Amino acid sequence: MSVQHLDSRYDNLLPFPTEEEAKGLIGNYGISCTLAGVFMDTFLFGVFSLQFITYVSSKADDKLWVRGIVAAVTVMACLLTGYNWFYVSGWLPLIDSVTMSFTQLFFAHRAYRLCSKQIWIPICVLICILAALAACVTTRVVFGKLNSELDSGHVLGSTVTWMAATMVADTIITGCILYGLSRAQTKVIQTKLIIARLIRMTLEAQVPATLVALTLMIEVIIDPANMLGVAVILFQSKIYVVGFFYSLNARQRLAQTHRSVTMDDMDTFRPNVFSECRAATIVVQQETEMHVMRSAPPIVGINRHAQPFDLDETKGSISVLEEASLNYKGSSTEFQDTPPHTKHVEIV
């Protein structure tokens, strides 16, 4: 295809708009729409910074390729925020798409391990990622030849392909992860709790990014020249970055809570790797010793002399201190009962 033929595609472009036409194009959105995207990106950059510090301080023992993705995503996130604030570049959407691709590769590997290593999952996700990157480059090249936003209809096909491929990849990843986790359900209570928590983590990390991609695709289809799409593109990749680091940090917290679970290999979530852990039962034996101190009633014989007795507290026996001499007259012995004495009970 010759260069003249490529240039002929843009012969029907509208002329460069005047100032009045540009104001009418922007409409009620104005520059506030773009600033909203920049501020949203800055806010998410702050969230990402805290997540990155948490990840580094946790000293996670991840594989080399995971650390490589972490480094690449971190550099891309910093570049995007720097471009938004200090330097306007037409290649910003490409950096945005590359950042999202790295996070999608990480989650695609997780879905691949959870679904018994079915090879079609990474293949489909990789095709969607390549299609999104190609469509993004096409959008950038074609859009650079346009005179204004009024000609955005020329990039409608490539832009929709870009957003649709991203959304399809997210849908495949989310669906496969949820399916793999649901297959690991057992009757063990602890397993159910862990699986439920992992499902919630997956939804929290994946669904926002998928919804943002769907919203952007719908906005582009309805009105390609709308500035709302530009605002969403400015912070779209940060949604993926925040979800990525949220998943990493939540994995570390879950691994610390359940030591018997290896979070590095997500396919290990099977019924046979869980055991019902119970809280340690502590049995406290309390021994209570009771000391009873009382005076034995005196035995009064015929001679009416009371004989003193003593209670041995250690042996619990009564010893006679003085031997009583009883004088019997006939065959009868007379005893006199004395009222009971007060008992003092001491509990140790």
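Using N, Cα and C of the backbone, Cβ positions are placed for all residues, glycine too.
What TrEMBL lists as transmembrane segment is 29-52, 64-85, 91-108, 120-142, 162-181, 202-222, 228-248. Per TrEMBL, the feature domain 'DUF6534' maps to 167-253.
For the domain 'DUF6534' (167-253), the model gives a mean pLDDT of 85.
Long-range contacts of the transmembrane segment (29-52) within the same chain, counting only residues at least 6 positions beyond its ends with a Cβ under 8 Å from a Cβ of the stretch, are 74, 77, 80-81, 84-85, 226-228, 230-235, 238-239, 241-242, 245-246, 248-249. Beyond its flanks by at least six residues, the transmembrane segment (64-85) meets 37-38, 41-42, 45, 48, 52, 55, 92, 95-96, 98-99, 102-103, 105-106, 234, 237-238, 241, 244, 248 of its own chain at Cβ-Cβ distances under 8 Å.
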